[in-house]
């Protein structure tokens, strides 16, 4: 089973694909989609095309996305919501369903502490996946954490 974890942002999208063979999980691929265009509609197209490439390059069984969290800047929330809507539609068209996790759920699942910092989450993700090198930006480790969180739920469903 291949799980795609997504950390959506207004300028970057972190993603991670984990494979679970029923007993253990392994990292297939992780990276960052950087939005380079300036106009909002072009940014949305760039994001959807990028996720389409990822979905078509891998046999994705399930997708997990970080839920939108409250931000102090209403413009940022609106922009992120538009990205999120386009991303959601693409995933629904290709996969048929996706799962959402709040930042609190992800932090708690990976570190045991819902108030963990991004650095603490990154440390635990690298430890769980056996990665020694530094991973930057943290959008990538956030996507890994989202995929790990979903994988924990999948394992509970299988019991």
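Just so it is clear, glycine is given a Cβ too, placed from its N, Cα and C backbone atoms.
Copied over from Swiss-Prot, here are the features:
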BINDING   7, 139  Mg(2+) 1 binding site
ACT_SITE  7  active site
BINDING   66  Mg(2+) 2 binding site
ACT_SITE  66  active site
ACT_SITE  139  active site
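For residue 66 (Mg(2+) 2 binding site) paired with residue 7 (Mg(2+) 1 binding site), the C-alpha to C-alpha distance reads 6 Å.
Residue 7 (Mg(2+) 1 binding site) falls within a strand when secondary structure is assigned with DSSP.
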